[in-house]
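Shown next, in structure tokens, is the structure this report addresses.
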Amino acid sequence: MDTLLTAEVAANSPRFRRRSSTFVDAIHDLPEKEEMAPAQLYSTESGRLFHSGRIVIVTVGLPARGKTHISVAVARYLRWLGVKTHVFHLGDYRRATLGPGKDVPDDYFFVNASPSSVLLRNKILKKCREDIYNFLEHENGQVAIYDAVNAIAAGRRSLAREFAKHGIQTLFIESQCNNERIIEENVRSVKISSPDYIGWSEADAVKDYLTRIASRIPHFETMEEMELHWIKLINAGERVLVNKCAFGYLSQRIVFYLLNLHIKSRRTYFARAGTTTTEDSYKADASLSPEGEDYAQKMGETLIQHREAERQALIDRGGPNDALKSLTIWTSTRRRTIETSHYLASKGYRVRQRSQMSQMNPGVCERLSEKRIREKYPEEVAKHEQDPYHHRYPRAESYHDLAVRLEPIILELERENNDLLIIAHESVLRVLYGYLMACNAQDIPKLDFPRNEIIEIIPASYNNSAKRIHIPDLPEQLIPGSPEDISIPVPPSNMPSGTQSGAISPFTGIGTPKMQGTPRLTPMHTPTPSIHVAPNVALDSLGITNTAPLPVGAGATATSVPSDLVERVSERVERPAKGPGGGPGTAYSGGGPPGHEAGTPPPQPLRIMETNVDPNS
Amino acid sequence: MAVNGVYKPDMNRVPTGEFFLPSRRTNGFGVQAEDTKICVIMVGLPARGKSLIAQKVVRYLHWLSIKAKIFNVGQYRRTATPNPTAEFFDTSNSEGEKLRMAAAEAAVSDMCRYFANGEGLIAILDATNSTKARRRWVQERCRSEGIETLYVESKCDEESTIMSNILEVKTTSPDYVGQDPEVAAQDFRNRIRNYEKVYQTIDEDESDMTYVKLIDVGQRVIINQIQDYLQSRVVYYLMNLHIRPRSIWLSRHGESKYNLEGKIGGDADISDRGELYAKALPGLVKKSVGDNRKLTVWTSTLKRTIQTARFLEFEKLEWKALDELDSGVCDGLTYAEIEERYPDDFKQRDEDKYNYRYLGGESYRDVVIRLEPIIMELERSENILIVTHQAILRCIYAYFMNVPQERSPWMEVPLHTLIKLTPKAYSTQEERLKADIPAVSTFREKGSSAKHQ
């Protein structure tokens, strides 16, 4: 029965997914095989790091205080560093035990609950704890995050005692909030999407939800247990109290991360820089071309329109008639990223230059054509094809180097309260996207950011999602990848040649001479309109496509799992064709094991470009 | 350098010549990134470890290649009043009050100039700053200059910690130079009493300010209104610090078979002479550490350090982060072979050894990044003996001794020598114990290909 229950948990939880793909936040996936995490500095035999032992992080706080968000964010950061971390949301176990559509009895959270409620409570807790122990003791897990209310001091003490018996440290993280606005915003963005509130106005739903919390969880004791290890975050990190947390490297590192975290909801947008006048290279720092200027303006306009439309949609749904959240723009210190922000700066948006966001150093590959690199460094090219994430060309940086160097940016990204537009080189966007969407290291070099799209990352408490915002009316030659990009796109397998997108390599002069006919991997899925299924995301008319949907039928192998929760087996989704000669956008599922290794891959072109390369070479 | 086959160390030796300076934060076209300027303001009674903390923060920041400087108000005051008595610090002494305010003025003005000249990103104002009025005054001064403030209060009522700090101050503080230690200790206690009369801890009234309050040596920490990454990074470091007395012992592994052959890298066994060192180490450690002191031994995961430490009867931990600098394609080669096969690389490494990265391997800069957990753990722990490798030891030594990064890769770190470092309020003390066991020199001077002796 219990093993079945675990399957149920998976089945009833939209965030339990069996496979990772780069266009869906993979934070709840358990890695299938041992591999280095994107910012992992070294690996150990035990699989655990820093001699920090095993830790259970226990969240404490009333609903709508951002506990789940904190759990997921901490997991995201620790996994990025290579610490084996998994989040156990008690709510998932509750829902799985009760079955769909059923709610817990009214006295479920009461201290003096009825015997039947206590039994139910214990049953749910037992299963969750068993999974935690299993993860820490048999799956090389190092940090388990136990996401629940944990309202009573006595309960927390006994939790810590119980884990201590197993040689596991317990670290409590309480989120305390006395700012009504933050709570209401949280309720609105996270809690009222449940079926209970279909047909309610948002304002009423928020009110009802808060009343229900107050009556159902009447007892809550804030953490004052001086003998326990705890961190108390007050009002989204305005103030942080730390009690006895100097028991290990990891606990301190978690505090460090939490100092930069807040629980307010905000969006991140990624955009490429415009194209430049003269030949572009790493060392030369050229200004934007007229086309680049045009791009900067169109990108800025599209973003402004998009944000305004989203705000209108929120008001239409009964949300508050608030001003838009401010937008801050970060660029690197390279001219073309700064100049790409000029249009928006002229509209009064604040721009910050961040020196750490400079692109990957191409080393000896600077201004060499792919052909020349293959001639000069055949061994390096072979190594690069083996491991494009970790390999670095002589004097160059690898993606791994970049990920490690971007640590300050990642923490600043968490810290930013405003909506944020990041204009940077594609290599930087890949790594930041990889962090926010919990991509595998090996997928990061393959992420693709065409210039005619702004990528929007929308945080939700369980996972982030990504959207593409189409920038209309751009000349095709602007779209492809960066000229000095060092990446080897691995073409998807089983791709009928007819469906290869003509939009991908429409122009062979400036960007990607070798890209002709090579399908590109997309970081996110751009579905055809017929398969939108996500219930809570408003679509609008700006060419915005939703990301939640699943290609019909793809990977429907587990019969016990509801069809709308089936994870795509395929990791590779073709972009819909926009240019001439392309077929319709096609989601495909690899017939064999997932991943690009199936089938016979076509030759892998090296995408190191230079502007003066003969397009026919 | 080798006398009778015994290698003579000179760790502080600095090679001459031009050093490649760390890259500037511009892109060469005058586009300057926005940099934050942060003034870290120490708050607390005397003998709470403020100077020790200030000094450590600066060392840590330097180690991360962030420029920082301490402005010690006491030093400014000493120019007018070199050896003041406790009465000087009595708040009812208006003359003393005036002089101390003038010292604070001078320190803050110099600090503002330091920022205005772009000499660094972080300044530390080391003084008691024990009243709300004084803190507001500093706050206003900084705000008018566009400098962020971060108050760091060390609040400690643990008698034993305070006493050990008093003992240290009376022996090392410039205020008590040449005085009878007993008289000095008594005077210092009176000075603390005078401060206690007016001391105001940071509280709710100051909730608009960015501060971190370290209570009882990091047992409890209150962190308020952190504004950016750099501040959070400083706070993270501060949380790992303690101010209890402790020492750190460093040793390279015993001479390895690769050392004998002049090869770098690899995972070789120790040589016969290395074995002798391993056997001598427990005695050496006992002599330096003394009896009844708890000690933990850290080694790398490579055979030569584990073998060297194997006779030590203490708790041992293996750290992957302590493994030798990865020399990539040069692993297992001699310097002469490297010079022959990779002449350009060999030259480039000499030009900028700190930033040079072996093909497929690491640079010193890379090593510093991976040592971050080690440094934090070292700060959190008490007595630690580290048995590791030349490059790693250079980086750790550079951290404790504040050696600039362009010099640290060129320091000589002899084999078969135990180094003891003891952090004190105003500097780190160093002692060396040499095992009288000969070993080859693995030091290569700049520009030479080091035919190993």
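Using N, Cα and C of the backbone, Cβ positions are placed for all residues, glycine too.
Remember, it's a predicted structure, so these values are computed and weren't measured experimentally.
TrEMBL annotations:
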| type | residues | note |
| --- | --- | --- |
| ACT_SITE | B:His253 | active site, tele-phosphohistidine intermediate |
| ACT_SITE | B:Glu340 | active site, proton donor/acceptor |
| BINDING | B:Arg252, B:His253, B:Gly254, B:Glu255, B:Ser256, B:Lys257, B:Tyr258, B:Asn259, B:Arg304 | substrate binding site |
| DOMAIN | B:32-245 | domain '6-phosphofructo-2-kinase' |
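Residue environment of the residue listed as 'active site, tele-phosphohistidine intermediate' contains 29 other Cβ atoms, counted within 10 Å of its Cβ in all protein chains. Secondary structure at B:Ser256 (substrate binding site), taken from DSSP and collapsed to helix, strand or coil, is strand.
Between the listed recorded positions, namely B:Tyr258, B:Glu340, the fewest other CB atoms within 10 angstroms of a CB are found at B:Glu340.
Mean predicted confidence for the domain '6-phosphofructo-2-kinase' (B:32-245): the pLDDT average there is 86. For B:Arg252 (substrate binding site), the same-chain residues that are 6 or more apart in sequence and have a Cβ closer than 8 Å to its Cβ are B:Val387, B:Thr388, B:His389, B:Gln390, B:Leu393, B:Val413, B:Pro414, B:Leu415, B:His416, B:Thr417. A sphere of 10 angstroms centred on the C-beta of B:Gly254 (substrate binding site) encloses 30 other C-beta atoms. Each residue contributes its Cα atom, and for B:His253 (active site, tele-phosphohistidine intermediate) and B:Arg304 (substrate binding site) these two points are 6 Å apart.
Sequence-distant contacts of B:Arg304 (substrate binding site), defined as residues of its own chain at least six apart whose C-beta falls under 8 angstroms from its C-beta, comprise B:His253, B:Gly254, B:Ser256, B:Asp267, B:Ala268, B:Asp269, B:Ile270, B:Gly274, B:His389. Taking the mean position of the Cβ atoms of B:Arg252, B:His253, B:Gly254, B:Glu255, B:Ser256, B:Lys257, B:Tyr258, B:Asn259, B:Arg304 as the substrate site, the remaining residues of that chain whose Cβ falls within 8 Å of it are B:Ala268, B:Ile270, B:Ser271, B:Gly274, B:Thr308, B:Leu415. The number of other Cβ atoms within 10 Å of the Cβ belonging to B:Ser256 (substrate binding site), over all protein chains shown, comes to 29.
Cα of the residue listed as 'active site, proton donor/acceptor' to Cα of B:Tyr258 (substrate binding site): a span of 19 Å.
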